[in-house]
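> Submitted below is the structure of interest, expressed as structure tokens.
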Amino acid sequence: MNPHERIERHFSAHIEAAQEALTMLGDAIEIAAAKLAHCLLSDGKILCCGNGGSAAQAQHFSSEMLNRFERERPGLPAVALTTDTSTLTSIANDYHFDEVFAKQVRALGHAGDILVIYSTSGISPSVLSAAVAAQDRDMSIIALNGRDGGTLAPLLRDTDVEIRVTAPSTARIQEIHLLITHCLCDLVDHQLFGE
């Protein structure tokens, strides 16, 4: 396969994954956006976490909320739990890496807040621990998950929202998670600030 054919294959796989996500996940995205807007209107905040590329996506979502998406508006309270290297490394060193997000959720999260989890597999112990900590704090969870949902999917309650991209490729899951993130940002802005 030559380079151009490889490029075409990536674009085709992306388009196919996006179309499947639109068909399968539109309702869940809409529900998640409504929950985020309700949380913010109720003076709650959003905490975000993930590992690796999913950490970058958590930071991206948080920055779009805190700063702006595609229009001028006041900043919205969102915190990426992935950014403070002193906190992350002290928790990992003093306790265990599994606790890097959970300890922050227990310290910062309150009833009515939302934890947004990004995971391509649903099996990372650190996000699983964060989910349990959020539930203990009576927080809702929005999980941008992947593949078969892993161990995360069965942890979720009826009040939580799972947006699961079932693509077999980590790259495709991350691409669709980014598209979903932008949909959530747009819908939250629309619900809070109108057209």
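The backbone N, Cα and C atoms fix where each Cβ goes, and this holds for glycine too.
According to Swiss-Prot, the record shows the following:
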type: BINDING; residues: Asn51, Gly52, Gly53, Glu64, Asn93, Asp94, Ser119, Thr120, Ser121, Ser124, Gln174; note: substrate binding site
type: BINDING; residues: His60, Glu64, Gln174, His182; note: Zn(2+) binding site
type: DOMAIN; residues: 36-195; note: domain 'SIS'
> Near Glu64 (Zn(2+) binding site), how many other Cβ atoms are within 10 Å of its Cβ?
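The answer is 20 other Cβ atoms.
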> What residue among the binding-site residues Asn93, Ser119, Ser121 has the most other CB atoms lying within 10 A of its CB?
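Neighbour-count leader: Ser119.
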> Compared by Cα position, which of the binding-site residues Ser119, Ser121, Gln174 is the closest one to His182 (Zn(2+) binding site)?
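The smallest Cα gap between His182 (Zn(2+) binding site) and any of the binding-site residues is with Gln174.
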> Over the span of the domain 'SIS' (36-195), how high is the average pLDDT in this prediction?
98
> Taking the Cα atoms as reference points, how far is His60 (Zn(2+) binding site) from Gly53 (substrate binding site) in Å?
11
> Using C-alpha atoms only, work out the spacing between Ser121 (substrate binding site) and Glu64 (Zn(2+) binding site) and round it to an integer in Å.
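Pair distance, Cα basis, whole Å: 24 Å.
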> My understanding is the cutoff is Cβ-Cβ under 8 Å with a sequence separation of 6 or more in the same chain; which residues meet that for Gln174 (substrate binding site)?
Gly53, Ser54, Gln57, Thr120
> Let me make sure I understand the structure: which of the binding-site residues listed (His60, His182) has the fewest other Cβ atoms within 10 A of its Cβ?
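Selected from the binding-site residues His60, His182 on minimum Cβ neighbours within 10 Å: His182.
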> Rounded to a whole number, how many Å is the Cα of Asn93 (substrate binding site) away from the Cα of Glu64 (Zn(2+) binding site)?
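About 31 Å separate the Cα atoms of these two residues.
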> Roughly how many Å lie between the Cα atoms of Ser119 (substrate binding site) and Glu64 (Zn(2+) binding site), rounded to a whole value?
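That separation, Cα to Cα, works out to 19 Å.
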